[in-house]
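A quick write-up on the structure given underneath.
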Amino acid sequence: MRGSVGRSRPISLFAALALCLAGAAAQATPPPARVASINLCTDQLAMMLAAPGQLISVSMLVRDTRLSPLAQNARAYPVNHGQAEELFLMAPDLVLAGRYGAQATVDMLRRLGIAVVQVAPARSFDDIRANIRTVGTALGRKAEAEAMIARFDADLAALARDPATGPRAAVYAAGGYTSGRGTLIQDILSAAGLRNATAEAGRKGGGRVPLELLVTIAPDLVIRAQRYGGASRAENMLDHPALAALMADQPVHPRSDGTYICGTPLVLRAVAELADAARALEAR
Amino acid sequence: MTGLTLSNLSVYRGPCPVVEDISLNLHPGECVGLIGPNGAGKTTLMRAALGLLPHKGTSSLARLSTAERGRAAAWLPQMREIAWPVSVETLVGLGRTPHLGPGQRPGPRDAAAIAAALARMDLTDFAARRATALSGGEQARVLIARALAQEAPMLLADEPIAGLDPAHQITTMRLFADLAAEGRLVLAALHDLGLAARFCTRLILMQRGRLVADGPPAEVLTPDNLARVFGLRAYMADTPDGPVFQPLEVV
Amino acid sequence: MRYSLLLWLLSLLVVVLFCAALLIGPAGLSPGESVSALLTGRGDAAVLVMREIRLPRAILAVLVGASLGLSGAALQGYLRNPLAEPGLIGVSGSAALGAVIALQTGLAAAYTLALPGAALLGALVAVGLLLGLAGPRGGAFTLILAGIALSALAGAATTLVLNLSPNPYAAADIVFWMMGSLADRSFTHVWLALPFTLAGWLLLAGLGRGLDALTLGEDAAEALGIRLTRLRLALVVGVAACVGAGVAVAGAIGFVGLIVPHLLRPLVGARPARLLLASALGGAALLLASDIAVRLILPERDLKLGVLTALLGAPLFLHLIYKTRREQGA
């Protein structure tokens with residue numbers, strides 16, 4: 001740097017930059033031209049909301065068909081591995097990140113002078129609306145965000161069923177994880193006309209439920225998580241004979257997939273599938 | 001199976017012979033002292049004779065099956081090992097191992113043998129004591145009692161009196177002589193030539209793996225052999241108390 | 001006859017704990033409901049809980065616990081070293097590596113017996129290597145050092161294999177393989193482990209007289225008519241079979257084989273032969289008790305069994321090292 005002080009070009013560049021910034025402050029903030037996302041859920045919202053060419057990178061996870069309903073679309077974007085160094089080299093104006101899990105990376109990016117917007121995981125349909133707004137605002141795509149929310153609400157209204165007397169359902173994922181009250185799953189089940197059996201048994205948030213407790217709760221519908229390749233003991237539990245016996249007279253065996261994970265309008269696909277399951281159960 | 005016959009017994013460590021071409025006939029009633037300087041091959045000879053080491057040539061003991069050998073010969077290794085704090089009675093009872101069939105529990109005969117062995121070693125009062133809590137000398141006696149309980153016609157012992165006090169050294173050698181007098185065969189590796197001369201009926205002298213001399217003590221412990229094999233000059237005399245042997249000087 | 005009294009008491013303890021393991025659980029069934037569900041098959045959910053969840057879990061606790069106790073006693077007897085224990089000397093860790101390789105290569109899915117078989121193979125390599133390294137007398141420090149190296153290697157390789165797995169949950173399984181758990185194991189696992197476990201027990205149960213004789217050292221034992229080569233082979237295969245089968249279904253649970261023989265040794269007059277059966281019963285009791293404890297303390301957190309046994313066993317292990325050092329006068 002010091003060697004270039006005497007030359008005129010860098011100085012004029014700085015001047016231009018200063019002018020730009022002053023101008024931007026005077027008008028509205030211009031939308032960020034280069035946006036990178038490092039979180040599975042912000043990836044999906046950004047892909048749905050960004051202007052063409054605005055999103056320059058998404059996280060590696062979003063290409064995984066088991067985690068993301070947008071895996072195919074994600075192939076159009078270069079992927080990142082959520083590491084500060086590679087992100088810095090991409091020279092983004094804005095990085096979208098989750099609220100939890102990548103704090104070290106986020107701190108490092110901010111220290112490097114890159115703007116970061118963190119989005120909390122959605123715990124309800126209201127959170128979905130809020131997150132769409134947050135990402136839309138960050139991308140400078142407020143109008144698109146409002147339109148997306150309106151469409152989401154309309155679709156939801158068309159699908160939604162009354163859960164008050166519906167069948168009792170429980171999600172059961174690898175390692176015995178379930179979702180109780182105050183989770184996105186709770187809202188998905190309700191919208192599909194299902195009662196959340198583990199929430200009714202007093203579960204708050206996500207957490208492990210011992211298999212024998214699940215068997216005692218005896219839900220009408222157990223929604224198991226989709227299997228991954230390879231083997232793990234955590235998933236091995238989904239094959240327990242007691243669980244198989246519990247599910248023996250279920251007419252349908254839905255599996256939770258990527259649409260259950262992130263708060264995007266795509267949760268409505270899960271709602272639709274579960275609404276069908278609820279109807280099948282009620283028809284018994 | 002009456003005595004111990006070794007023919008052309010050799011043991012090699014790599015290409016080097018540790019015991020070389022030894023032939024011997026030992027008979028019941030003999031108390032045999034195996035003598036020689038450190039590294040002469042005494043331990044190796046006894047272990048090969050028992051069949052505990054790969055060897056060339058033959059040994060009448062090594063040819064027996066493991067179980068038969070256990071009934072034919074008792075072996076007291078130089079290392080006095082008592083790994084667990086078992087009672088003296090239990091430890092001595094291990095001597096009955098070769099007499100028990102698979103799954104067979106010790107019977108009255110075994111109990112009698114154990115009691116006799118304890119009594120003979122003056123250990124009856126120690127029967128319930130933990131063997132590991134005893135002094136070194138007491139442990140040595142317990143291990144000899146174990147060998148006695150085995151009731152084998154042969155006893156092979158590797159430096160059985162090393163580390164014992166003089167009284168117990170003499171008691172032990174007297175015991176060996178008595179066992180021989182009862183018709184058993186005793187073969188003991190010894191460093192104390194004086195006790196060997198007094199109590200053994202026969203001495204076998206080894207040097208660098210070879211048999212140098214074999215015969216009654218007076219014929220083996222000659223000034224020539226002593227000088228050649230041990231590098232020693234000694235005083236030896238027949239007294240009314242039996243033979244007396246005292247090493248005097250290194251030559 | 002004090003030994004038979006001890007065996008009766010230990011058996012009684014196992015039975016009581018087994019019943020307790022069947023009656024205690026997060027489902028909160030009353031004892032009456034539990035027993036009637038188990039015996040008569042009445043009450044849908046209760047029957048599932050009792051017959052498919054609690055019963056196999058309790059049976060596995062007995063199988064695995066007894067295997068660990070028995071193997072600990074047998075290894076200690078052979079090496080004449082109270083510090084020898086399948087977990088500490090890396091046998092369990094190597095068995096876990098074998099199991100993980102079988103699972104991640106898909107072998108376990110293709111052949112039912114590949115899982116316990118691979119775990120057995122892992123354990124076999126470890127026991128063989130250890131006996132080779134530590135030598136016949138199993139000097140304490142050689143044994144412990146060899147065990148540390150083997151445990152570290154097996155642990156690292158297990159972690160590597162699980163990290164390379166395409167399954168995102170596989171990495172979380174590392175804790176299971178290193179610490180062990182009986183949570184939500186089913187009869188599938190019981191049948192998988194049972195044949196190898198029984199074969200291992202049978203081999204180890206026959207070692208009593210030889211181990212007793214080894215109290216006098218290898219040479220004396222052999223001269224007493226013990227065939228050491230055969231004993232060594234039976235020990236290696238027996239330990240590998242029952243520890244391998246246990247690890248394949250329950251992960252590596254440490255310290256059981258250390259705690260149990262240590263506590264029972266004075267009660268059997270320190271005789272290695274008597275310690276075998278007593279330690280098998282004691283190991284079953286300890287693992288049943290630990291498994292009840294993890295369910296009572298943190299029922300929803302899947303607290304690993306090995307955590308509890310290590311909390312009990314590690315201080316004891318340190319005490320044993322101290323005692324060994326003092327006895328050696330170092």
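Cβ from N, Cα, C; glycine included.
The transmembrane segment feature in TrEMBL is assigned to C:55-75 (among others).
Residues or ranges marked as transmembrane segment in TrEMBL: C:87-107 (among others). Residues of the same chain lying 6 or more positions beyond the ends of the transmembrane segment (C:87-107) and with a Cβ under 8 Å from any Cβ of it are 68, 71, 75, 114-123, 125-127, 130, 143-144, 146-151, 153-155, 157-158, 161-162, 164-165, 170, 173, 177-178, 239-240, 243-244, 246-248, 251-258, 306, 317.
According to TrEMBL, the feature transmembrane segment maps to C:113-133 (among others).
Long-range contacts of the transmembrane segment (C:140-162) within the same chain, counting only residues at least 6 positions beyond its ends with a Cβ under 8 Å from a Cβ of the stretch, are 79, 81, 83-84, 88-90, 93-94, 96-97, 100-101, 104, 122, 126, 129-130, 133-134, 170-171, 173-174, 177-178, 321, 324. Annotation comment: TrEMBL describes C:140-162 (among others) as transmembrane segment.
Residues or ranges marked as transmembrane segment in TrEMBL: C:190-211 (among others). Distant neighbours of the transmembrane segment (C:190-211): 56, 59-60, 63-64, 66-67, 70-71, 74, 77-78, 112-113, 115-116, 120, 221, 226-228, 231, 234-235, 237-246, 248-249, 272-274, 276-277, 280; these residues of the same chain sit at least 6 beyond its ends, with a Cβ under 8 Å from one of its Cβ atoms.
For C:231-264 (among others), the entry in TrEMBL reads transmembrane segment.
Tertiary neighbourhood of the transmembrane segment (C:276-297): same-chain residues 6-7, 10-11, 13-14, 17-18, 20-21, 24-26, 57-58, 61-70, 72-74, 77, 181-182, 201, 204-205, 207-208, 211, 253, 256-257, 259-261, 263-264, 267-268, 303-305, 307-309, selected by CB-CB distance under 8 Å and a gap of 6+ residues from either end. The transmembrane segment feature in TrEMBL is assigned to C:276-297 (among others).
Only residues 6 or more beyond the boundaries of the transmembrane segment (C:303-322), in the same chain, are considered here, and those with a CB under 8 A from a CB of the stretch are 82-83, 87-88, 140, 175-176, 178-182, 250-256, 258-259, 262, 286-287, 290-291, 293-294, 297. Look at TrEMBL and you will find C:303-322 (among others) tagged as transmembrane segment.
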